[in-house]
Ligand SMILES: [Zn+2]
Ligand SMILES: [Zn+2]
């Protein structure tokens, strides 16, 4: 007789407040970190103004006005000095304040916000310093505010364990934007045989919103299967496991990913965009939507989405994807819409519950180098285990 399986017992996640890492008003820690971050970003921005061919992104330069952004830089530099002085005055975190002020003073020494803006000679390969600064300022402002106003786990702090690791990945993914685009374009060029001019003309004649919907569906189909392969092909899993090794989800956590995954994911998703050949406005709308959703779904937020949660991938949906609990393993692969998980039977969305645990069932190295080498070491261990099994 077949024994009836007991329903899974969901548990509440318990997040204790880490008092050493928490920000408290009046100590100087908040102003100290603000001074350091603004100082570092200011210095990077000044370097980008000095060497735009090497430190800015050709595709992104068209989207902003470098002269207007110098005003933002000006306020960033003054605020860094202001917060640095405030930290110095509050004493406890003086070193942070001094570091922030020093970085800003170096930025001033290099020309500050008055470096002349001229024509830029485009280089095929450059570092996306501009992309890093704009994405960091925008994401930190929007998503930290969201996480503070509507937190899922109130006790989870901004500088939670391993935030430095994820911040490194955030920087790498943005700085490498031009290398990623070069690789993605090269990869896409292999599909030129499938391009149809008349098909693309028909697509472009459709209203922008329809084109946008078509891109989202086509991109998500590719992303779903690419993601599923990363989970279900044994050789690929150790690469993707790096993304899953994060134990506390927030706006920064989604940045963690092995560079092999980052490059292949971007290259794969470019294929349907290339074949559809939509209008620039529809494509831009998709790029913004995809970038924001990728951060949002990792956020520590209980924000309600109403009926939208039955259409789009939400934080709760993707948090389940990151859970190490049994019913959630290898589920919720979609990046944009819940459609393909629902269609292919991989959806796990107990609407009343959130995961109690995140991460991988087997622990991964905590260092960046360890994570970078993890796929090779996992393969070596697998081969060794198979050999041992054969000998025994
Ligand atoms: Zn995954
Ligand atoms: Zn994720």
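Quick reminder: no glycine exception, Cβ is built from N, Cα and C everywhere.
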Per TrEMBL, which of 206-225, 226-245 is transmembrane segment? 206-225
By a Cβ-Cβ criterion of under 8 Å, what residues six or more beyond either terminus of the transmembrane segment (97-115) are in contact with it? 28, 31-32, 34-40, 42-43, 45-47, 49-50, 70-71, 73-74, 77, 80-81, 83-88
When pLDDT is averaged across the domain 'Fatty acid hydroxylase' (212-346), the result is 96
So are the transmembrane segment (30-52) and the transmembrane segment (127-146) touching or not, going by 3+ C-beta pairs under 8 A with a sequence gap of 6 or more? yes
